[in-house]
Every structure is written in structure tokens, then in C-alpha cells.
Amino acid sequence: MKGKLLVIGFGPGSFEHITQRAREAIQESDMIIGYKTYVELIQGLLTNQQIISTGMTEEVSRAQEAVKQAEAGKTVAVISSGDAGVYGMAGLVYEVLIEKGWKKETGVELEVIPGISAINSCASLLGAPVMHDACTISLSDHLTPWELIEKRIEAAAQADFVVAFYNPKSGRRTRQIVEAQRILLKYRSPDTPVGLVKSAYRDREEVVMTNLKDMLNHEIGMLTTVVVGNSSTFFYDDLMITPRGYQRKYTLNQTEQPLRPHQRLRKEAEPWALDQEEAVKQSASAIEAVQNTREETAASRALAEEALQAILGESTSAVVHQPIESIFEVAVSPGLANKKFTPVQMTTLAEVVGEKGTMEYTPDHQIKLQIPTAHPDMIIEKLQAASFLLSPVGDVFTIKACDFCDGEKSDAIPHTEELQKRLGGMDMPKELKLGINGCGMACYGAVQEDIGIVYRKGAFDLFLGAKTVGRNAHSGQIVAEGIAPDDIVEIVENIIHEYKEKGHPNERFHKFFKRVKNVYGFDYQDITPKIKVEPAPCGD
């Protein structure tokens, strides 16, 4: 009869964090093999299993005994804290089996049961320090040569990884964490945030927030996990946070913007990272000249330092400061009614965007610019000097007006400009488009926008709740006809303010109208086409 090996990771040690499959595997086993402290941690889950517990450095003998017992027909649970496949017993058990010529099809059955690793459990107590690329390094040289561990620390420090050190120190092994700190300080600021977590989610749990230069002033032991941040990690209200990326985007009138669920974390949701902003190269020639001067100065200093190092016979490494690239986003157009770009405007766009920026024409009669810069004011000044209308991008209010037949049907233009003056660029729960057409032809499709107004026979017709995307898209519901020109601006303004106040984050206007049933006195009617259409993957 073939036995079975259950290699179990039981997480940080608290019952609440042990997975259901791990509990079941412990219950179905005949024998438990593990480090004696780990056996004690799961004592409450044991029934009548035979127990074999050994010391800290006896991993190989535990793996060998487990294989032996499984080959004798027993169901054997080999336990590890955290995840069995991360510095746990899974690899050693496989190695022992491979040495014995084990084959998956014919040998004893083996199941590896995952658990919550220390990097994850400790990160949850610290805040969110592992939100970007990270690595784990064990400082135990029991099974790995210290020279190899040193190389890995050096590489991780240079590459600006968040680093989680496992097994940082023991009673007899004390110098490794000191050496790790020394290597990290070659590349990272002494003020780099560090989190020390001892016995996560256990009775003697301790969490300490410190920094790279002071971390050794605190107690660090075998049960401690040391989490070292990268160059963008910061502390906030006793939390350790690493932003999701090194690129941030911002637009005209917002320092913070609501985060769309389907997008990566953007600068608008990273107000904490402002202090870490570093200038990037600019497109403008004057800025380039200043940058070149700085580069020449830096190069001269580097040569001098290199010569000094050669004389002293020393080698030093520069601290890594990963630049956080700031991307300025803005939408430009010749105007609300004017759809014609001048040669001067096109030349200005090419100049301010430069080689690293991008220009994207949008369906909103605008060109969206994305420009790497630390000086948006200079860009804004140049664009305004070229008579561009500038608008923020994102979840904001945008007017999409027709050209009013090249200005010949101009009666609705003053109302369009007044709405832009009052509401243009206002933050919204979700991007909101107001279509304005100057005659009953509505050839620019105002009725296909979230809100549409059409000037006809000296008055305005009002449309609400168009579904603008999807195969079941439809025009807005006509809720009023013949609105007096003197009233239209106030009516639209009140509708938009009601949506801004009561709309849920990321809720499109047509969904809002359907949910609340009445907006500023206008009742909702379901005019959705009665066809069965699969929902869009994006949820719209």
C-alpha cells in the first residue's frame, strides 16, 4: 500500500490564518513531522497522530524520515510555518524523493498545501510595503553559502527591490544582518523605511517601524522578519507604504483623483509621493541647457570621486534614487465651437510634447497630451499663448459642442460658453459628457452623450441618460422640450451638481439616472433596447 506525503504550510501560526485544506490535511494524516515549535503551534488541531519533532537545523533528517514513513504506507504531514514552498520543507522532500528515484506516477503520492508566507503576513501588519517588485532573502547560511547570500543582497539593493529578510539572526548567527545592513546602505538612503515583525499573528507579536540606519538598535531574532523598503517607500500614520509604480500622472486642476478599479495606481492616488518627486528632462531648450550643465557637473564629480577611490584603494557605490517620473496630462482644443487648428498651434504642440511625450486625438474633439515634466506651468503658459482651450482629463465634466455650422448658427454659443465657465473640468464620480448641438439636425450627436441639449426653434430640448458604449448603446431619454434659453444653463447646472453629490464612485450617469429614478424633477424611463446582450468585460 502506497502512503502519502502532505507538505503543509500553516501560515503565521494563528488558527484564523490556517487554510481549510491545511486543517483537513492535518486531520487526515497518521503522522506529523516538524520542528518542535511548529508542532506546538498546531497542537489544537491534533487528535491521535503520531508526532516526530526535531530541532531547528534538522530539516534534512525530517524530510528523510517523512519519505521513509510514507513509503511504509502512512499518510505523513510535514509541516512548515508560512508557505511550505517558501523556505519550507517542500523542496527538501522533493530532493529526498528524487535521490531515491521517485516518479510521480508510481511513487508515493505528494501534495504541497500552500500557506500564507511571512512576507505576506508581515506586510499586512506593516501596511502595504510590498506593492511593487520585491524579493525574499534568507540570511541563514545553514544550507546556502554566505558568499552567495551576499551577492543576492547586493543585486537586490542595486535593483531597488523591496527586500524581506527571513531568518535574520539566531543565538549563534549574528553578523549576517549586520552585513546585510552594510550592503544596503551602499545603495539606499539611511532613512529608508524598515519594518520589523516578530511572531506575526501569534501571542508575542511585535511590530516596529524604524529605518535602515537604526534597525540594528532594535531586537531582531530568529522569529523576526525584516522588511526593507525601496526608494519610494514611506511611512504614514504608523504604516509602511510602497507606491505601485514609479510613474505618476496629474492633470490641470487636481492633486488627487478617484482611482478607477481597472487602472493601475496613478499619481492622483499617491499624494504621499510628492516629496520624492525628481525632475525629468524637459522638452524646452532652456530646460535642456540647465539639465546638460547639471549632467556635466555630475560627470566631473564622478570622475573626481573615481580618482579618489583609486588612490585610497576603496570602492563605494552611489545611493540608488529611483526617479519617480511625473506625467502631466491635459486635453487641448481650439475652442468649444471652433474645430480648426492653426499652424502655430500645431507647431506649439510639437514643441511642448517633445520626443518623450504623446499626443492622442480623442472622440471629444480634443487632443490629449501626456508630457513628462516637473514644470507644468511652463507648458500651460505656452499652450495658452497659442490660444488653446485647456481641460483636465479623467473623471471630469467635458462639453462636446458642435461647430454651429462654422458659427453661422450661433444662438446657442453663449450658453455653451457659460456652461464651460461654470462647470468645465469639474470633478465627477465618472467622466461626464455634455453634448450641445446648435440645430435640430443634431449632426454632432448630442443626444448620444450622457446629457444632451439641442437648440431648436429658439429653445432647447433636453436629453438625459444616453448609454454611450456597448452593443446595447442608446440615445438619451428626451425629458423636456422647448426650455427657454434663459433657463437652460441653470437646469443643466443643477442636474450636474446633483449627480456630483449623489453619484457613486465610478457610476456612469445613465446608471445613476436609472438608480435614483428622478434627477432635478425629471423622471427616469427605461428606453433600453429589449434585446439580450452579453455584458461588456469592462463592466460598462
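Note that Cβ sites are derived from N, Cα and C of the backbone, with glycine treated the same way.
As given in Swiss-Prot:
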BINDING   CYS402, CYS405, CYS439, CYS443  [4Fe-4S] cluster binding site
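Shown here: features listed in Swiss-Prot, placed on the structure.
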| residue | record | Cβ neighbours (10 Å) |
| --- | --- | --- |
| CYS402 | [4Fe-4S] cluster binding site | 25 |
| CYS405 | [4Fe-4S] cluster binding site | 13 |
| CYS439 | [4Fe-4S] cluster binding site | 17 |
| CYS443 | [4Fe-4S] cluster binding site | 12 |
*Quick one: what's DSSP say for CYS439 ([4Fe-4S] cluster binding site), helix, strand or coil?*
coil
*asked:* Centre the Cβ atoms of CYS402, CYS405, CYS439, CYS443, go out 8 Å, and tell me which other residues of that chain have a Cβ in range of the [4Fe-4S] cluster site.
replied: ASP403, PHE404, LYS409, ASN437, GLY438, MET441, ALA442, TYR444
